[in-house]
Structure formats: structure tokens, C-alpha cells
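> So that we are looking at the same thing, I have put the structure below in C-alpha cells.
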Amino acid sequence: MLLTGASGRVGEAILRRLGEKYDWRLLDREPPTGEPDHEYVVADVTDEEAVREAVEGMDAVVHLAGDPRPEAPWDSVLANNIDGTQTVVAAAANAGVEKFVFASSNHAVGAFETDERVPELYRTDDEFRLDGTELPRPSNLYGVGKVAGETLCRYYHDETGMSTVCVRVGNLTEDHPPIDYERGQAMWLSYRDCAHLFERCLEADYEYEIVYGISDNDRKYYSIERAREVLGYDPQDNSVEY
Ligand SMILES: NC(=O)C1=CN([C@@H]2O[C@H](COP(=O)(O)OP(=O)(O)OC[C@H]3O[C@@H](n4cnc5c(N)ncnc54)[C@H](O)[C@@H]3O)[C@@H](O)[C@H]2O)C=CC1
Ligand SMILES: O=C1O[C@H](COP(=O)(O)O)[C@@H](O)[C@H](O)[C@H]1O
């Protein structure tokens, strides 16, 4: 399995629980901080030759690398998130990789959080839900880049049949949900559920999917039914318990 952006937070959550389970090849533009437990490629995801070599022989690719900042400027979104994703997904599809898992974001649909809907939307008794079938509605240029990534995944799935899942990740934090932040609590993804969700993305059978990546929070405006149904996602954590 190839894991891009392996040295970041999502990579850490995945490797902490799934490090032993799979034969990983890690890729990041930052060198490892210590002696890595797995093969480690230092490369930028916009480097076509390095990416072509990195996907060789891989059954699956988990693509996390990119600029994670909601306020990321366009030049960074364009290079790291759009060009980078195109480079990785194209290389994977051309190399015959079977499964491609893309870390999309809540910001692909963040503009559904209109002034009329918030803050009630973030609370337990509100019934509004996004389920992945809605049209994209990005809240910033970073979100636009994630929508582009989802569309690239759709295109390469249709071109080559590579199974592709876009996980609209909520707010990943370690140990407990964000404090004094209702939005973050409604879209909390625990480290444990994060690893489990990506594991299901590597194990389940699917064609092209968009799912939400959050824990089973009482307060939520993202449905996790599709992830349950198609991937067998069975989250254990809930921000209400903190
Ligand atoms: N952490 C979260 O709550 C959320 C994360 N995501 C997405 O998940 C992915 C991972 O996010 P985090 O782990 O939180 O970010 P992070 O910043 O901790 O990790 C990203 C990693 O990607 C690497 N990277 C960035 N650009 C690169 C490039 N051009 N080539 C090679 N490596 C590159 C960085 O060196 C870093 O190690 C990102 O795509 C982000 O947009 C989406 C929603 C929420
Ligand atoms: O996509 C992302 O979303 C989370 C949550 O967004 P926020 O605007 O509520 O903080 C963010 O923490 C993360 O850095 C980003 O990659």
C-alpha cells in the first residue's frame, strides 16, 4: 500500500493502528523524523517520475498529501492539492492499482452552513443532513481543490475502473474532540475511527464513492450511513461522551 502525506496527522492516526497490518510504502516531501518502520520515499506528489515509481507494484493508494489549511492560498491549492492529486491518481490508474482512497474534506461542502442554518446545524436536535449525494458547495479555495480532487477520482474511475473512494474527513483530533468548538464537535473524527475507516476503504468492494469521515457523534450534520453500508464502517467514538 502506498500512503502519501504519511508524516502528517492523518497518516499518524492510520499508521499507529494499521502500521503492522499492511506492507506500507510511505511517501512525503518531508524526510522521516526518526528511523522509519517502513519503506519511505521522500518526494513531492507533483513529481511525476517519483510518483510513477512510488505506485509501482502497489495494490492500493491512500492519498493524503496536500496543503490541509482551510485558508490555503490558490497557488498552494493548485500545486499541492490539485496538480498533486492529478499526478498521484493518474499514476495509480495507469499502473493498475486496484483501490484509490482520497482524503477529501468537509470544506468541499462547507458553504451549506449558511447563516440561516448555523449554529442550530451543529446541535443534536437539528435534522439537516448531508449524505454525499448533494452537489459540492465549497467554503473556500481549499474546498474547491478538494472538489477538483473528487472529480479527478471520478474521471479516473470511469476511465480505468479503479475502485475509488473520497472520504470527506471532518475534524481529526487526538484523545478528545475540539473544545469550545461546536462545528468541530459535530464533525469530530477520533484517531481510532479514522484508522478503522481507512482500513474499511482498503478492504471493502466498491466502484466510486463519496463518504463522510466522522465519528458516530450525537450531534452531526453529515450522514455516515453510506460509509456503514458500502464500507462496513462501524465507528466507536462519539463527541458527546467528552
Ligand atoms: N486533519 C484533518 O482534520 C483533516 C484533514 N484532511 C485532509 O487530509 C490530508 C492530511 O491532512 P493532515 O494529516 O491533517 O495534514 P498534515 O499537514 O499533518 O499532513 C500532510 C502531509 O502531506 C505532506 N505534503 C504536503 N504537500 C505535499 C506535497 N506536495 N508532496 C508530498 N507531500 C506533501 C506534508 O509534508 C505532511 O506531512 C490532507 O489532504 C487534508 O486536506 C481533510 C479534512 C480534515
Ligand atoms: O479540511 C480540514 O478541516 C478541518 C476542520 O475545519 P475547520 O475549519 O473547522 O478547522 C481542519 O481542522 C483541517 O485542518 C482541514 O484540513
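Including glycine, each Cβ sits where the backbone N, Cα and C put it.
Because the structure is a prediction, the values reported are computed rather than measured.
Grabbed the feature section from TrEMBL, which reads as follows:
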ACT_SITE  Tyr142  active site, proton acceptor
BINDING   Asn80, Ser105, Tyr142, Lys146  NAD(+) binding site
DOMAIN    1-172  domain 'NAD-dependent epimerase/dehydratase'
> Rounded to a whole angstrom, what is the C-alpha distance between Asn80 (NAD(+) binding site) and Tyr142 (active site, proton acceptor)?
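The separation of the Cα atoms works out to 10 Å.
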> Among the recorded positions Asn80, Ser105, Tyr142, name every one whose Cβ is found under 6 angstroms from ligand 2, counting any of its atoms.
Ser105
> Within the set Asn80, Ser105, Tyr142, Lys146, which recorded positions show a CB-to-ligand 1 distance under 6 A?
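The qualifying recorded positions are Asn80, Ser105.
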> List, in sequence order, the residues of the same chain other than Asn80, Ser105, Tyr142, Lys146 whose Cβ lies within 8 Å of the centroid of the Cβ atoms of the recorded NAD(+) site.
Gly66, Asp67, Pro68, Ala72, Val77, Asn81, Ser104, His107, Gly143, Gly145, Gly149
> 10 Å Cβ neighbour count around Lys146 (NAD(+) binding site)?
30
> Given the binding-site residues Asn80, Ser105, which one's Cβ is surrounded by the fewest other Cβ atoms within 10 Å?
Asn80
> Expressed to the nearest Å, what is the distance separating Ser105 (NAD(+) binding site) and Tyr142 (active site, proton acceptor) at their Cα atoms?
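Distance between the two Cα atoms comes out at 9 Å.
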> Within the domain 'NAD-dependent epimerase/dehydratase' (1-172), what mean pLDDT does the predicted structure show?
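On average, pLDDT over the domain 'NAD-dependent epimerase/dehydratase' (1-172) sits at 98.
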> Through the lens of DSSP with three states only, how would you label Asn80 (NAD(+) binding site)?
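In the DSSP reduction, Asn80 (NAD(+) binding site) maps to helix.
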> Around the Cβ of Tyr142 (active site, proton acceptor), how many other Cβ atoms lie within 10 Å? Please give the count over every shown protein chain.
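So the number of other Cβ atoms within 10 Å of Tyr142 (active site, proton acceptor) is 24.
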> Under DSSP, is Lys146 (NAD(+) binding site) helix, strand or coil?
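In three-state terms, Lys146 (NAD(+) binding site) counts as helix.
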